[in-house]
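K.L.:
Okay, here's the structure, questions in a sec.
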Amino acid sequence: MLLCSLTLTLILLAVSGTKCDVKEFCAACSGVPGIPGSPGLPGRDGRDGVKGDPGPPGPIGPPGGMPGSPGHDGLIGPPGPPGERGDKGEPGERGPPGPPAYPDEELQTTLHDIRHQILQLMGALSLQGSMLAVGEKVFSTNGQVVDFDAIRESCARAGGRIAVPKSLEENAAIASLVTKHNTYAYLGLEEGPTAGDFYYLDGAPVNYTNWYPGEPRGRGKEKCVEMYTDGQWNDRSCLQYRLAICEF
């Protein structure tokens with residue numbers, strides 16, 4: 001049967017004059033699909049791939065074991081800045097009396113000699129009418145006649161201040177120096193904000209006065225005080241020239 005089909009085909013080809021290779025004819029003919037074969041054996045492992053990016057951090061794990069013992073103290077750091085000063089504390093109890101001072105005979109002798117020399121000097125100056133001691137005060141003058149500010153400055157340089165009487169006895173002592181030099185003298189007083197109110201140079205109110213009748217009457221224009229030769233006071237401008245008398 002197969003042989004007859006092949007023979008018939010060849011005859012038809014020869015008649016039509018067409019050349020055909022048996023191999024090409026067979027390639028063009030589609031056959032019936034065969035039955036699928038059995039699966040092959042597994043292939044070999046492939047090569048390692050490229051390293052991937054890091055993944056996100058995982059969740060916190062459960063607590064570990066018991067905490068360990070405290071470590072040793074560290075090194076002491078540098079001191080911090082000083083804090084604000086606190087409030088003043090309450091005074092403490094008075095302590096017991098201390099031992100008596102050791103009497104230094106040589107020192108006592110030196111002090112006695114100095115005291116004696118001072119008394120001699122004061123006596124000599126008092127005879128010249130340039131210094132007088134009254135109670136715990138010493139009044140002294142160099143005989144210069146200058147304005148109020150110059151007197152204040154010269155007395156301060158000498159360690160004193162402008163003389164001002166605070167009692168009748170002190171007023172008389174200063175008046176004797178004024179009389180000796182036959183000129184008026186400024187006193188250590190200044191007028192305050194209110195006209196007619198005078199104060200000591202440290203700002204304290206006056207506790208002794210010896211005003212001339214009707215004084216003071218400068219009405220705020222005469223800020224200083226002068227002493228007359230009779231010991232009475234008068235308010236006066238601070239720019240006048242008066243005898244410089246200091247107290248120590």
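Note: Cβ is positioned from N, Cα and C throughout, glycine not excepted.
Feature annotation from Swiss-Prot assigns Ca(2+) binding site to E215, R217, N234, D235. The feature compositional bias 'Pro residues' is assigned by Swiss-Prot to 54-65. Under the heading compositional bias 'Basic and acidic residues', Swiss-Prot lists 84-93. Among the features that Swiss-Prot reports, disulfide bond is placed at C155-C246, C224-C238, with the record citing sequence analysis. The domain 'Collagen-like' annotation in Swiss-Prot covers 31-100. The domain 'C-type lectin' annotation in Swiss-Prot covers 134-247, and the record cites sequence analysis as its basis. The N-linked glycosylation site annotation in Swiss-Prot covers N207 and rests on sequence analysis. The region 'Disordered' annotation in Swiss-Prot covers 34-105. Per Swiss-Prot, signal peptide is recorded for 1-20, and the stated evidence type is sequence analysis.
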K.L.:
On the DSSP side of things, how many residues of the region 'Disordered' (34-105) fall into helix, strand and coil, could you say?
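P.N.:
With helix first, then strand, then coil, the region 'Disordered' (34-105) has 1 helix, 0 strand, 71 coil.
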K.L.:
Measure the Cβ-based neighbour count of R217 (Ca(2+) binding site), defined as the other Cβ atoms within 10 Å of its Cβ.
P.N.:
13
K.L.:
Any same-chain residues 6+ apart from C155 (disulfide bond) with CB under 8 Å of its CB? Would you list them in sequence order, or say none?
P.N.:
R161, I162, A244, C246, E247
K.L.:
Would you list the other residues of this chain near Ca(2+) - those whose C-beta lies within 8 angstroms of the C-beta centroid of E215, R217, N234, D235 - in sequence order?
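P.N.:
Everything else in range on the chain: W211, Y212, G214, P216, G218, E222, V225, W233, R236.
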K.L.:
Identify, among the recorded positions N207, N234, the residue whose Cβ has the fewest other Cβ atoms within 10 Å in this structure.
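P.N.:
Per-residue Cβ counts within 10 Å for the recorded positions N207, N234 bottom out at N207.
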K.L.:
If you skip the near sequence neighbours and keep only those at least six away, which residues in the chain come within under 8 angstroms of C238 (disulfide bond), Cβ to Cβ?
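P.N.:
When sequence neighbours closer than 6 are ignored, C238 (disulfide bond) has D147, F148, D149, Y186, K223, C224 within Cβ distance under 8 Å.
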K.L.:
From the Cα of E215 (Ca(2+) binding site) across to the Cα of the residue listed as 'N-linked glycosylation site', what is the distance in angstrom?
P.N.:
16
K.L.:
Which one, from the binding-site residues E215, D235, has the smallest tally of other C-beta atoms lying within 10 Å of its C-beta?
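P.N.:
Each of the binding-site residues E215, D235 was scored by Cβ atoms within 10 Å; lowest is E215.
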K.L.:
Which numbers of helix, strand and coil residues does DSSP report for the domain 'C-type lectin' (134-247)?
P.N.:
24 helix, 39 strand, 51 coil
K.L.:
For the domain 'Collagen-like' (31-100), what's the mean pLDDT in this predicted model?
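P.N.:
Taking every residue in the domain 'Collagen-like' (31-100) and averaging pLDDT yields 80.
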